[in-house]
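Structure first, commentary second.
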Amino acid sequence: MRRRSTLWFVAPAFALYALVVLYPSLAGATSAFTDWSGVSGERRWVGLANFERLVSDSAGRAALRNVLALSVFVVAAQTVLGLGLALALHAAAGRRRWLRVAFLAPALVSPLVAAFVWRYVCSPAPDEGVNALLGFLGLDALQQDWLGDPSLALWSIGAAAVWQHTGYTVVIFEAGLARIPRDLHDAAKLDGAGARARLRYVVLPQLRPALTITVVLTTIGTLKLFDQVFALTGGGPGHATETPSTLIVREAFAFGRYGYSTAIALVLALIVAAVALVQLRTLREWELTR
Amino acid sequence: MRTRTLLVDLLVLAAAAAFLCPVVLLVALSFQDPAGAVSLENYTRAWEEAGLARALANSTLIALCTLVGVVVLGSLAAYGLARAARRTGYRLYLLFLVGLILPFQLALIPLYQLVADAGLLGTYTGIVAFSIGLQLPITVFLYTGFLRAQPRELADAALVDGASHLQAFVYVVFPQLWPVTGVVLVMNAVFVWNDFLTPLLYLGGSGKETVPVTLYTFVGEFGTEWGPIFAAVVLATLPVLAVIAVAAPRRRRAG
């Protein structure tokens with residue numbers, strides 16, 4: 001008996017996915033080269049004008065600069081913090097493992113809720129959030145307008161992102177640690193390796209897949225970060241916390257510059273794809289040399 | 001050695017306290033009335049003034065429809081991909097994976113136009129179709145990965161006995177997929193429950209707003225009245241915590 005191809009099983013999912021993701025993404029990529037304003041439906045081919053505007057416009061440049069700085073900061077902080085906490089939790093073997101709930105708790109609330117919490121933490125009022133803590137410690141001089149000061153706002157948002165997502169990093173590293181065979185530790189110990197040498201030559205090399213995964217996920221997540229920025233500062237003060245995501249939404253829905261907005265989205269997509277491909281290739285190379 | 005373990009313990013405890021501190025503050029402030037006494041006043045105000053009952057009903061309906069759609073379409077597609085000719089199956093699979101990398105900002109505006117042209121702005125259908133489509137890549141990825149690790153012989157035996165592919169899928173393969181279905185359900189439930197920008201754009205002003213959109217409007221009105229804001233935040237987060245509490249023990253057993 002000959003059966004029909006099982007590709008029919010894929011058809012409904014693929015049709016919906018194509019309609020919701022593939023087609024609009026392609027349409028977005030092509031309207032990036034037009035002056036489409038949305039309302040009129042009329043669009044003229046303008047070549048690379050939108051991209052020239054992105055790199056010459058002060059808001060566009062701020063958005064690109066900010067998102068790169070933010071990604072470097074968040075990836076570095078989250079990886080170091082996540083790895084350190086995972087190692088500590090792993091060393092604590094059982095007794096303190098339940099503490100991982102504390103690190104995961106912020107990851108369970110929605111990004112929007114995290115932003116509201118962080119709005120309180122970063123409140124300029126001297127009796128609220130971090131400022132209250134500083135006042136309590138007698139460090140009144142260090143109190144700041146954490147989100148209103150252009151030189152601090154971006155890092156306050158970065159801190160909010162790190163606070164919310166470090167829990168995932170901890171879990172990924174813990175899973176990596178649990179997978180290291182005991183024999184490796186025992187063999188290294190027999191050979192006279194101390195705790196530091198075992199960390200350097202046994203644990204860290206074995207954690208490379210976990211490291212790649214966390215770096216890829218964190219980078220992509222930070223490049224696309226929207227909810228927190230939107231709810232914390234909306235891109236301000238000035239353009240101090242402007243990111244491609246906030247700019248895309250504002251250009252399209254406040255100014256009706258759909259063409260320009262999709263051009264920013266296309267640049268963001270290319271950056272994300274490039275980062276993901278480079279990092280995934282590194283992972284593949286690592287797996288081949290294992 | 002003993003002092004070092006103690007030091008590690010202390011560091012972990014301090015870090016845990018720092019991470020939990022904002023959460024504890026949030027809950028504490030939500031129970032505090034303007035005079036500083038413990039009361040439920042914030043909760044009654046949040047419940048009545050934010051319109052949370054309606055938002056919870058909207059979010060639940062949207063989440064349930066999305067979950068059914070994602071599980072049915074995603075698992076069927078994974079079976080189809082696993083049984084298709086090797087090359088075609090792999091290429092289609094890669095095409096699904098593209099969706100994991102594409103930032104949805106690229107599709108945001110054309111999709112908004114598409115939904116508007118179809119007259120689906122402000123409808124449940126529009127947002128559910130969007131959520132299913134957007135979540136299919138990760139769902140297909142999870143189901144396909146899991147299915148590849150399963151033995152094919154059971155389904156093969158059913159096929160040899162004359163079952164159709166659909167019968168083999170429904171009676172043999174889908175039951176095998178339960179562990180990963182749990183993961184798919186939790187992940188998608190959390191995503192749909194927390195998603196903010198699309199419901200804001202598609203459902204704003206329709207009376208069908210989801211919890212995050214309602215919360216956003218409420219916070220806009222209340223500014224820095226932290227008590228009612230945080231009470232609303234607690235109420236909005238409880239359903240997610242409930243889902244995770246129900247799913248967590250099951251997942252541990254499966255893993």
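Even glycines carry a Cβ here, placed using N, Cα and C.
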Candidate ranges B:4-27, B:124-147 [criterion: TrEMBL lists as transmembrane segment]:
B:124-147
Of the listed stretches (B:61-81, B:93-112, B:124-147, B:226-248), which one yields the highest count of Cβ-Cβ distances below 8 Å with the transmembrane segment (B:168-193)?
B:61-81
Any chance you could find the range in B:93-112, B:124-147, B:226-248 with the most Cβ pairs under 8 Å to the transmembrane segment (B:61-81)?
B:124-147
Six or more residues out from either end of the transmembrane segment (B:93-112), which same-chain residues have a Cβ under 8 Å from its Cβ atoms?
77, 81, 130, 134, 136-138, 140-141, 144, 197-198, 201-202
